[in-house]
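Here's the structure we're looking at; comments come further down.
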């Protein structure tokens, strides 16, 4: 894991210069597109099924062909979904946003400070700290969830917002990314100049360093946001009050009752679709941030 | 780093301190606590335990019991067998997708890349619910199409359910790993490709001799994360559990630990299982890094 000094910005090469199969014969291009199309079907069909099924009533969900519409009633279904059990679904959605948004925000701030501290200051034990954090990246999150529950239960913090939020503030992978990025992009000369001008260390960090590191910070935020949003084990272990559930936990709790209350199948499908849409938009729109940050992570691994 | 000076010693620590505090509290402490818990057992006093419980030092008793009872060992072997198939399938698929997109014409690449990456935005729970419906006869279009073709696919059978789970995981993460590799491919210098073209290398030779060696670090990273992910398999089988009797309460190490902690109320035993899982993950991921690192030097 030696961090080489290297500009973080991926140099963009004119597409014309790159040799591509598309320069080849037409048949190659057609075959390639066909293969990509087939693979795309694999990735998209389940999402398509979800959209089609979200428009069906409970009877058609089981009684009609899954990949085509039957008596579409999306608005009725959404109304049912949002009003069921005194709007519990909206509450779950809000909880998910609190956990993922709050957790990712704090995690990014902590990782930015730690990454910058590791990259631009030398002190005894620096590499030991960094290696411990790296070991944290390798640690299965689920191995932590059980002991965390036991600790939180003793502190009377289990079954609260803090039980999910506090562990989400820690992103070892974020520290790793931030260190690599700060190492490569924050010019030591600029820091020296700011110090000579009399700026305090914190002001330098806030006004200069954070701005330079912003692409990496967006990446860390996205990683952590999706990670928390998708996490299941931690809230499952920590929470018993359904009002505190994130969407993921709420939907599986419906799954448990669905065999007795078939309406829940329909709500589950609709709830799954609604919960997936914001995240899908987020990750597709922000793809270029995934890319810029991911390069930093993988180049030096 | 000639500019970093000794007199700047304290600010660095202050920038690091907030993270370290949380890291100690929510990463190091729980692991230490799990280790500690795993060395004790809970004894109940009174005929029915009505007089309360207390902790008794048990040494490695819990670990011995984990190995003696065998269910946890079985679950570890199951996820290891799963990983042996899942990791290569995932990595090869992600690499092929990345190389295909790199080779394809510029038009359409953005659509395909988004399509492949889209499932990463679907939480494991939702993906499992979704595929669970697609595996269940009566609701699944896949089963009904199979029926018309004279096939009776059983996605939830005793020998197939593990691979149905593998499919869910592949569906979710192949596009993500692809993106990690694409990121590295973008860093392949254009003049290097230009030089190989002038030297008369064809597209396949360029892939084999230039691109694959250069994207190696990304592939290593994706492999390590896939290995760790395979070991902590939990959400997918747990969500499929109501649909099939073939996912038992000790199906994977994590499910076993979860059941031992919350159904059997045996935290000490579950702590031993959590520690063992972390240990196995560490051995495998560092072992793999060592293996590929060693080969690089050779």
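Note: Cβ is positioned from N, Cα and C throughout, glycine not excepted.
Within the set A:97-116, A:237-256, the record from TrEMBL flags A:97-116 under the feature transmembrane segment.
Per TrEMBL, the stretch carrying the note transmembrane segment among A:161-182, A:183-204 is A:161-182. Segment contact is absent for the transmembrane segment (A:26-51) and the transmembrane segment (A:208-229), given fewer than three CB pairs below 8 angstroms at sequence separation of 6 or more.
Within its own chain, the transmembrane segment (A:97-116) has Cβ neighbours under 8 Å at 133, 161, 164-165, 168-171, 174-182, 186, 205, 209-210, 213, 216-217, 220-222, 224-226, 228-229, 235, 246, counting only residues six or more beyond its boundaries.
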